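The feature topological domain 'Mitochondrial intermembrane' is assigned by Swiss-Prot to 1-189, 265-287, 358-380, 458-469, with sequence analysis given as support. The domain 'EF-hand 1' feature in Swiss-Prot is assigned to 47-80. Among the features that Swiss-Prot reports, Ca(2+) binding site is placed at Asp64, Gln66, Glu71. Marked as domain 'EF-hand 2' by Swiss-Prot on the basis of sequence analysis: 78-113. Sequence annotations record features per position, and here Swiss-Prot assigns domain 'EF-hand 3' to 114-149 based on sequence analysis. Per Swiss-Prot, repeat 'Solcar 1' is recorded for 184-270. According to Swiss-Prot, the feature transmembrane segment maps to 190-207, 245-264, 288-301, 338-357, 381-398, 438-457, an assignment based on sequence analysis. Residues or ranges marked as topological domain 'Mitochondrial matrix' in Swiss-Prot (evidence: sequence analysis): 208-244, 302-337, 399-437. Feature annotation from Swiss-Prot assigns repeat 'Solcar 2' to 278-363. Swiss-Prot lists 375-463 with the feature repeat 'Solcar 3'.
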Amino acid sequence: MLCLCLYVPVHNSDQIEVEYFESNGLPSELKSLKSLSVLLPSQEFSTYRRWRKKSLKTEEKEHDGQLDFEEFVHYLQDHEKDLKLVFKSMDRKIAGQVNANDIVNSLRDLGVHISLKQAEKVLKSMDKNGTMTIDWNEWKKYPTLQPAENIPEIILYWKHSTIFDVGESLMVPDEFTVEEHLTGMWWRHLVSGGGAGAVSRTCTAPLDRLKVLMQVHGCQGKSMCLMSGLTQMIKEGGVRSLWRGNGINVIKIAPETALKFMAYEQIKRVMGSSQETLGISERFVAGSLAGVIAQSTIYPMEVLKTRLALRKTGQYKGISDCAKHILKTEGMSAFYKGYVPNMLGIIPYAGIDLAVYETLKNTWLQRYGTENADPGVFVLLACGTVSSTCGQLASYPLALIRTRMQAQASVEGSSQVSMTGLFKQIMKTEGPTGLYRGLTPNFLKVIPAVSISYVVYEHIKSTLGVRSR
């Protein structure tokens, strides 16, 4: 492509030098999108059309196919600004040049891992003088109509913990771009995630309560399966009893999400990271610490959830009555029963969930993400389901011990046993399989929980004015 400089008058500005690529004598007086599509490579033209669709107001979207040249100039200006931001973010030494290591490090900070050889291959496609470094002039000439926002879009498209809610709040928080912080989009994403979690948990509450019953009562000599458990719940308290404990489970979403997000941002500052996003290991450390802080604060609500899920008809009048009863009969310490295994469970859950999700994400990006960072609904749901399932499988024994410790005083004939004592007791009387009681309903709720939370998240996000990119 030959480079051509034009001086084009743009509204409310002086004459602006606009540099773009001429393809086979591309004329300056283009009249229609059809003409442009003939002269430009299909990938570059589709990128321009996506940009145009995003920038147009709703009432202007049904246009007549005519291309306004002034509008095309604005596109080139916006594109060059995006390129400049990406170049500066990679040029950490402020040397005015970017090498293969800079590309590797920048992508690693975004959770995308490529080899030095792959980075050199990318570099060679832009390097015109064979120095294996590129300056700003070489960088901005790398096809003007290619999507410059591809790297930041990885963060925007691959949200994980904000979108998917499987009932366990142990995931590492998602990263937000500088743009999302400045525009206030971050809180819209969090509100959307909170609303999605509320709907998702409510829809899967019967399976969640069944899991708790199987974890606690499955050790009392009677085997409890899915159908017998559901039948027992309905027989004892009617259909409404299937949702016992769901109220407090939904209420705790807001404070826990807010605490985790604020703690995560503060920990990032303490860690002294100057980058927009953290690397995988840093995210794991910061996310785990944020999870510990949030869980420590709202843990009494976790105990209340378990007690309310196990309650019999007429035992408590509501959440406050249950809290008063526990405080009166067992004391304040009862609200932190099972705290240690719960905290220990954060590490395997958060670590494996993050590692699996990032591995799946990187695999997809390396194979299919060269042209577009948007993975599509199916890929996102599949990655979220697999990573959440792996995380829960690894931390499930600790979750079961936590639940039994929370329920000790509410189970007749149950003695107060420590975490290690309870582990030994389960292994002795039930064997290794005893550590996985209730796993079936827990896994059965993952796919519907992930699917429901994604659909509701997208709907609320759209209502709050967050457009899908």
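Backbone N, Cα and C atoms are what each Cβ position is placed from, and that goes for glycine too.
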Open item on the list: So if I exclude everything within five residues of the ends of the transmembrane segment (381-398), which remaining residues of that chain have a CB under 8 angstroms from its CBs? That is, six or more out.
Closed with: 160, 163-164, 166, 168, 170-171, 341-342, 344-346, 348-350, 352-354, 356-357, 360-361, 364, 375, 423, 435-436, 439, 442-443, 446-447, 450-451, 454
- [ ] For the transmembrane segment (438-457), could you work out the same-chain residues 6 or more beyond its ends whose Cβ comes under 8 Å from its Cβ atoms?
- [x] 162-167, 192-193, 195-197, 199-201, 203-204, 207-208, 210-215, 218, 226, 229, 377, 380-381, 384-385, 388-389, 392-393, 396, 400
TODO: Residue list, the topological domain 'Mitochondrial matrix' (302-337) vs rest of chain: Cβ under 8 Å, 6 or more residues beyond ends.
DONE: 208-209, 212-213, 216, 236-237, 241, 244-245, 247-249, 251-252, 295, 403, 405-411
- [ ] Take the transmembrane segment (338-357) and find every residue of the same chain, 6 or more past its ends, with a Cβ under 8 Å from one of its Cβ atoms.
- [x] 160, 168, 170-172, 280, 283-284, 287-288, 291-292, 295-296, 299, 302-303, 383-384, 386-388, 390-392, 394-395, 398-399, 401-406, 419
Open item on the list: Same chain only, please: residues at least 6 beyond the ends of the transmembrane segment (288-301) with a C-beta under 8 Å from a C-beta of the stretch. Say none if there are none.
Closed with: 169-170, 172-173, 248, 251-252, 255-256, 259-261, 263-264, 267, 323, 335-336, 339, 342-343, 346-347, 350-351
Task: Residues from the same chain, set at least six apart from the ends of the topological domain 'Mitochondrial matrix' (399-437), whose C-beta lies under 8 A from its own - done: 168, 212, 214-219, 302-303, 306-307, 310-311, 326, 329-330, 334, 337-338, 340-342, 345, 392
- [ ] Restricting attention to the topological domain 'Mitochondrial matrix' (399-437), give the mean pLDDT.
- [x] 86
